[in-house]
Amino acid sequence: MPIEFVCKIKFAEGEEAKGASTEGGGTGMLDEGLRRQKEGMADLASFASSSSLHGLARALGTSERLGFRQTLWGLALLVSLGLFLYQATWSAATYLERPHLAALREETRRELTFPAITLCNVNRFRFSALTDADIYHLANLTGLPPKSRKGHRPSELQYPPPNMLDIFQRTGHQLEDMLKSCNFSGQNCSSEDFSVVYTRYGKCYTFNGNKTSPKRVRQGGTGNGLEMMLDIQQDEYLPIWRETNETTLEAGIRVQIHSQNEPPYIHQLGFGVSPGFQTFVSCQEQRLTYLPQPWGNCRASSEPVIPGYDTYSVSACRLHCESTQVQRECNCRMVHMPGDADICAPSKIKCVDKALASLQKSTGDSCPCETPCNLTRYGKELSMVKIPSRGSARYLSRKYQKSEEYIRDNFLILDIFFEALNYETIEQKKAYDIAGLLGDIGGQMGLFIGASILTILEILDYIYEVAKNKIKQLLKPKKSQKQTNQRNLIQEQIQRTKNLREQNLKAQLTAGAIATVRFEEVKVKAANDVAQPHSAHPTSVLPNHHNAQQAVQQDFAC
């Protein structure tokens, strides 16, 4: 007859809780959103701990809850980042303002190219050279009343159509008559060394205007440049009958010093020289270099030149604008203006004056003349002495067969020379270029956050990986609704079974459990214990009704 033992068994409360937890973990599923959030925090912590950005590892190097030290490090990192962004923004704004500065230096040469000298008599027409037809046609220009034969009105007189170019050539002051003496660097010169050029003053003359082989000087000071004695011929000046836009009240010559690549714009850029004086003009060459856009507004030499000129200059641009405006409103051009249009007749002088006045009143948008990026100009200093002296007046009177009064009223001496064989260079330079910007930002980045370009690449690489994973999750194909329903049903069944087991286990833990052990099973257990003396935990003969999947240590008493 089998012998039965009645034992009261009570499970360890901690171990049972552990077993219940293990069972629940094996069958339950974590919330997907929570899992992804934890994974993201872990990835961020891993990136922060390996990043070369100073302070990031101390602030975000762990996925645990932020502590006091981590909070302080995070605040320090944010403040440093804010200061860096402020300084970097200020540096970028300064760069976008395109600041520049001017660098001035002086250089010396063994020889310098002498500038071109253009001179004009302020009187356009010689009175003695005007014919009746000239006076008739030039009435609107000169203000002189036309001559009329006895018994005929001026409107009845028949004259050939005027040719303004021919009129300027015939009636302008001739240089061979005005030039009394000429000397350049100790060598005599004559009217043949001058070329004819037409300006608003009519027929003018340019010395050293050859672009290919300009004259050069090897010494500075008086006597080492151009020295001329001129007779302005005041007795040939037109009498003033009435004032017009072309009427002049002064006597003398107009002079402009310019480079060979620049046409004369003498009515605005020239200076006057009076008779009865010797005028000394000390020059200094200035070479200017401007910055192109966006740092400046100069015109680069690579841009197309203005039609009619070999090189671009402000004077050429203004003359081109004037010619275009006059051709647009009057269908002609003045003698000194470039172009292929017909030369305006004297009857269109009022139209020309109106067109030029409208151009002058414009704001410059209709004719923007930019400064060339490379420009040569000449600074001037003028001084004068009176001529002739009492001792030389009689000598000059005998030499030129003129009265002393005529010499005082008409003669002048012009002396143009270099002060020294040096020139000034005025160059615009970038005050803050891209190299300075990158240097400032790099220094600020290292000072405030201890980062570099490679650190930025690390952050971009991390952002790329995170974005790639997010996109993969969004593009991952979803399961069918049927599979989803089946999965939900299985999860509900598992949860129901889990709850039922937890209730039974809780009841057994509270009231204790009764187990029946047969005597034969005890003997089998003893035999097993003898066969396995080294077992750390002897095998229990009690049936395990509490956890069918894993063994549980049990304490019992019979």
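The backbone N, Cα and C atoms fix where each Cβ goes, glycine too.
Residues annotated as topological domain 'Cytoplasmic' in Swiss-Prot, with a curator's inference given as evidence: 1-71 (among others).
Residues 55-56, 58-60, 66, 437, 440-441, 444-445, 447-449 of the same chain sit 6 or more residues outside the transmembrane segment (72-92) yet have a Cβ under 8 Å from a Cβ within it. Positions annotated as transmembrane segment by Swiss-Prot: 72-92 (among others).
The topological domain 'Extracellular' annotation in Swiss-Prot covers 93-433, and the record cites a curator's inference as its basis.
C120 (disulfide bond) carries a strand DSSP state (E or B). For C120 (disulfide bond), the count of additional Cβ atoms within 10 Å of its Cβ stands at 26 [all protein chains shown]. Swiss-Prot lists C120-C204 (among others) with the feature disulfide bond.
Here Swiss-Prot flags N140 (among others) as N-linked glycosylation site, drawing on sequence analysis.
Long-range Cβ contacts of C189 (disulfide bond) within its own chain (separation 6+, distance under 8 Å): C182, N183, F207, L226. For the recorded site, C189 (disulfide bond), the DSSP three-state label reads coil. Marked as disulfide bond by Swiss-Prot on the basis of similarity to another entry: C182-C189 (among others).
The N-linked glycosylation site annotation in Swiss-Prot covers N183 (among others). Annotation note: N183 (N-linked glycosylation site) sits in a strand segment as assigned by DSSP.
The N-linked glycosylation site annotation in Swiss-Prot covers N188 (among others) and is backed by sequence analysis. All protein chains considered, the CB of N188 (N-linked glycosylation site) has 9 other CB atoms within 10 Å.
According to DSSP, N210 (N-linked glycosylation site) is assigned to coil rather than to any helix or strand. Taken from Swiss-Prot, the feature N-linked glycosylation site covers N210 (among others), and the record attributes it to sequence analysis.
Taken from Swiss-Prot, the feature N-linked glycosylation site covers N245 (among others), and the record attributes it to sequence analysis.
Taken from Swiss-Prot, the feature disulfide bond applies to C298-C373 (among others), supported by similarity to another entry. Neighbour count (other Cβ atoms within 10 Å of the Cβ, all protein chains): 20 for C373 (disulfide bond). According to its DSSP assignment, C373 (disulfide bond) is coil.
What Swiss-Prot lists as disulfide bond is C317-C369 (among others). C317 (disulfide bond) falls within a helix when secondary structure is assigned with DSSP. Spatially close to C317 (disulfide bond) yet at least six residues away along the chain are I306, C367, C369, E370, judged by Cβ distances under 8 angstroms.
Swiss-Prot lists C321-C367 (among others) with the feature disulfide bond, giving similarity to another entry as the kind of evidence.
In the shown protein chains, 15 other C-beta atoms lie within 10 A of the C-beta of C351 (disulfide bond). What Swiss-Prot lists as disulfide bond is C330-C351 (among others), and the listing cites similarity to another entry.
Of all the Cβ atoms in the protein chains shown, 19 others lie within 10 Å of the Cβ of C332 (disulfide bond). The disulfide bond annotation in Swiss-Prot covers C332-C344 (among others) and rests on similarity to another entry.
As annotated by Swiss-Prot, N-linked glycosylation site applies to N374 (among others). Counted within 10 Å of its Cβ, the other Cβ atoms near N374 (N-linked glycosylation site) come to 16, all protein chains included.
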**Q.** Proximal but sequence-remote residues of the same chain as C321 (disulfide bond) (Cβ under 8 Å, at least 6 apart)
**A.** L359, S366, C367, C369
Q | Collapsed DSSP category at C351 (disulfide bond) | A | helix
Q.
Could you tell me the mean pLDDT the prediction assigns to the topological domain 'Cytoplasmic' (455-558)?
A. 63
Q: Go through the recorded positions N210, C330, N374 and tell me which ones have a CA within 10 A of the CA of C298 (disulfide bond).
A: N374
(Q) I want to verify one value. Collapsing DSSP to three states, which class is C367 (disulfide bond)? (A) coil
Q: Compute the C-alpha separation of C344 (disulfide bond) from C330 (disulfide bond), stating it in Å without decimals.
A: 8
(Q) Considering Cα atoms only, can you say which of C120, N188, C330, C351 is the nearest neighbour of N374 (N-linked glycosylation site) among these recorded positions? (A) C120
Q: Round to the nearest Å and give the CA-to-CA distance linking C120 (disulfide bond) with C351 (disulfide bond).
A: 25
